[in-house]
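Visitor: Marked as transmembrane segment by TrEMBL: 12-36, 48-77, 89-111, 135-156, 168-188, 194-215, 222-243, 249-270.
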Amino acid sequence: MFGFTEMFQHDFMVRAFLAGLMVAVICPSIGLFLVLRRLSLIGDTISHISLAGVAGGMLWGVYPPLMALTFSLIAVLGLEKLRRSYQNYAEISTAVFLSGGVALAVILLSVKKSASSDIISYLFGSIIAVNRQDLVILSAVLAIVLIVIGSLYHRFFYISFSEEKAQLSGLPVYGLNLVLMVLAALVVASSMRIVGILLVSSMLVLPVAASLQIARSFREAFWLAQAYALTSVTAGLLASYFLDLAPGGSIVLLAAFLLVSTILVKKAWLRLRPLRAKDRLSAKELAKIQ
């Protein structure tokens, strides 16, 4: 109990938990729509482009998360345009931008060699690196994500399952896709300080993947994904503080553990359920015999 009290006496831990909880809300909120549309790799693509933005910010003396956000927003516009050009091979666009983002990041980092040590906290996350500016950006992104999803929830739901039917019904599919991509860029760029550029895409996918194992409806999957993400972030930050581990790795590893545990528990339950039904049937037959 003393350790918990002492932990929250540090301002950096309070900021880390506030940032982590906001990340736990916004990542699966967007991730669910991306996963259902088979766009799980979009998060990886945007995160690698964000890396180039961070490197550019360090090189030009601009606040790195802001540059990462700028790079990401510009990239998703081109990404969606290219994705429409290759409708039958949509994954090509993600591969092009992912490799391009990494290449640009490497070049920018090689130009400013002193940035190599500073970028570690952006790559893997850091509980002491989160500052007030990051909290302000995350708060703004959280508000934008919740407002947009609340306003366009049913439309996003429709295009997630059938883009063709949504288009035939008169929905502006291209515009909705663009909005979703922009939201994904905002989420990735704002979340990288706590989770890390290399791992932030996992928070878009892992909680959602776990929730889809047991959810019986879209709405239930949405809320279960939030619960999985909140559990992963809270436990991951605690492990990071008490065991002196990288927060991003701790959070994502716990999210992966929850996913595997959910799959195993579900399989065990499905195997056990027929046996229970058989036992009940045997009991009824036995009662008839008696």
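Here, residue 1 is simply the first one shown, and the rest follow in order.
Quick reminder: no glycine exception, Cβ is built from N, Cα and C everywhere.
TrEMBL does not curate its annotations; it predicts them automatically.
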Visitor: What same-chain residues lie close to the transmembrane segment (249-270): Cβ under 8 Å, and 6 or more beyond its ends?
Guide: 20, 124-125, 194-196, 199, 202-203, 206-207, 209-210, 213-214, 228-229, 231-233, 235-237, 239-240, 243
Visitor: Looking at 12-36, 48-77, 89-111, 194-215, which one has the highest count of Cβ pairs under 8 angstroms to the transmembrane segment (222-243)?
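Guide: Result: 12-36.
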Visitor: Looking only at residues six or more beyond either end of the transmembrane segment (48-77), which have a C-beta under 8 A from one in the stretch?
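Guide: Counting only partners 6 or more residues beyond its ends, the transmembrane segment (48-77) has Cβ contacts under 8 Å with 97-98, 100-102, 104-105, 108-109, 111-112, 115, 118-119, 122-123, 133-134, 137, 178, 181-182, 184-186, 188-190, 192-193, 197.
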Visitor: When each of 12-36, 135-156, 168-188 is checked against the transmembrane segment (194-215) for Cβ pairs under 8 Å, which one has the most?
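Guide: Answer, by Cβ pair count: 12-36.
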